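Residues annotated as region 'Triple-helical region' in Swiss-Prot: 142-171, 189-212, 216-248, 253-279, 282-320. Sequence annotations record features per position, and here Swiss-Prot assigns region 'Disordered' to 146-329. Look at Swiss-Prot and you will find 156-173 tagged as compositional bias 'Basic and acidic residues'. The compositional bias 'Low complexity' feature in Swiss-Prot is assigned to 187-199, 273-282. Summarising the annotation, Swiss-Prot assigns compositional bias 'Pro residues' to 200-212, 251-272, 320-329.
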Amino acid sequence: MDVKETEEQRQMRRIAFVAVVVSTAAVIASVVTLPMLYNYVQSFQSHLMVETDYCKARSRDMWLEMTALQAGKGMGHRMKRAWLFGQWIPETSAGGGGSGNGGGNYGSGASTGGGANTAGYGGYGAAVNAEPAAVCCTCNQGAAGPPGPEGPPGNDGKDGRNGNDGKNGRDAEVLPAPASEPCIICPTGAPGPMGAMGPKGPPGPKGSPGEPPQDGKSGDDGMAGQPGPIGRPGRDGMKGAPGAAGRLIPVPGPQGAPGKPGPIGPPGPKGNPGPDGQSYQGPPGPPGDSGTPGHEGRAGPNGPAGPPGDNGEKGDCGHCPPPRTPPGY
């Protein structure tokens, strides 16, 4: 039974197809867009960190230049013993005289700003700090160390404040009761279209054994078949009676083939003795097996000292950020 497709079914099919296409396009767009957005945010964060480090480095350089200018003018200034942005301030630099210019502060001043190593005469003694090893990097800092251990979890935060009460709803309205429609008795409608075939049901119970069948009747004789293949030959017949005696008719024939060789004759008499043989020197024989190894000899004297080895690899500044130079350099 053919089921005709209605207009509503065709419209629902179009809507379902459009919904599937739109959802598939949205999933593909999200799969492509999210990694690109994440990559952009990560690159922007890296660029922002580089710019922040550059600003910190410029600020540090400005402070160092200001300190050097104050030290060059001979102004007594009491500086705090501390680290500047996590960087070491060498005491032998031009700005190190801050701890030695003022005689009444920490130590006696020096012409090169190295007064931190001399004893003061008006107040406290000079601050004794170990000089760091000389570095070749312009950033004056080493590579980043390994990450530290994970810290303990923080305390739970305080509960938030209760939210504001919601607005009052609208007042209810008294609606009239819906008008009752008159009861209409409709006639029985036409049967609907035949539904799809349902799934196969479970197997039924086993039936009782049937009655024994009756013997069938013999069929009619069939048609004659094709002739069979040729049979095998029969056994040999009995031996016949002997024939008549033959007659000898002498006729000269051809010469026959030579006969077989006769047996070996008896050995002949012993011959005369031959002359004496001559001796020749044979080739040298193969070398003999190797003997057992001898005892280990005494240890020899120590050799002279070898030449000095090559110098080790020099440090590099691969961990330093690229310099930020103004346009035109």
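Placed from the backbone N, Cα and C atoms, the Cβ positions cover glycine too.
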Candidate ranges 142-171, 189-212, 216-248 - greatest C-beta contact count to the region 'Triple-helical region' (282-320) (under 8 angstroms): 142-171
DSSP helix/strand/coil residue counts for the compositional bias 'Pro residues' (251-272): 0 helix, 0 strand, 22 coil
Structural state census, the compositional bias 'Low complexity' (273-282) (DSSP three-state): 0 helix, 0 strand, 10 coil
